[in-house]
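Here the structure is laid out as structure tokens; the discussion comes afterwards.
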């Protein structure tokens, strides 16, 4: 089944050209099924690129999904035109009366700040609390995952001496997990962050279970059954060129940066990188959406009521 997004969203044409099944809003209303309602709180600076990355993965699943783009109310990003925000996004204040089958909270380029120093921290805390009563399943990504696990469990983040940057091998620690159905025992995941959470802190919280881990990069994916939350600390959603774009952005800005680990062929930045994580990215999002579909109430208003 396709993903339902506005016909004029820039991601629409890109996804159609890639062969992703996309449905116009007009066509969607003719299907006599309830689409899954998924919200995307997009905290990334380049919102259009993130929209494409997430919609690509959601749109490849066999279920109809209606994606709602959400933004922080009082914060104006510098890298996305205001007309795009007003045309396609709703503020959290505008959607907080609704309920969602799934909700994604992305990363943000603020990880070197203490959480309390982030401009929109108070609003984000309110959103975290809101997900407990208005969302069936929440997927927190990178800094969004670190912020969420800190908010709910006090798990701290630690600064790294240098940026964790590249493609690293990860291990499947729980092959029986519904979220890792079809996963290999060992697989590649893109990593791009300046901070980390540590296994020792997570192990102290009985409700948290580590599903993916890297010997070099540490914890990657944590599941919390009680709150129906996933914490993904790395970037399975990244495009083939995402790490390359970040690398050359920093090089052009004069920021000291090493070549991303195990990314460019022969460590030659002039060669196009090969995507070695795409299939597992699709598996992960497909598994998340399938589990959501199997367990969410048919009547949206029952989400968060325990019925």
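Numbering starts at 1 and runs along the chain as displayed.
Cβ from N, Cα, C; glycine included.
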*One of 192, 214, 279 listed by Swiss-Prot as binding substrate at the site of 163, 249*: 192
*Which three-state DSSP class does residue 249 (substrate binding site) fall into?*
helix
_Close recorded positions near residue 192 (substrate binding site), where close means Cα within 10 Å, chosen from 111, 142, 235, 237_ = 142, 235
*Expressed to the nearest Å, what is the distance separating residue 235 (active site, proton acceptor) and residue 142 (active site, acyl-thioester intermediate) at their Cα atoms?*
7
*Hey, what's the widest CA-to-CA gap across 163, 192, 249, the substrate contacts in the record, in Å?*
14
*Have a look at the recorded positions 142, 163, 249 and say which one has the shortest Cα distance to residue 111 (site 'Important for acyl-CoA specificity').*
142
*Would you please pick out, from the recorded positions 111, 237, the one with the fewest other Cβ atoms within 10 Å of its Cβ?*
111
_I need the least crowded one of these recorded positions (235, 249), counting other C-beta atoms within 10 angstroms of each C-beta._
249
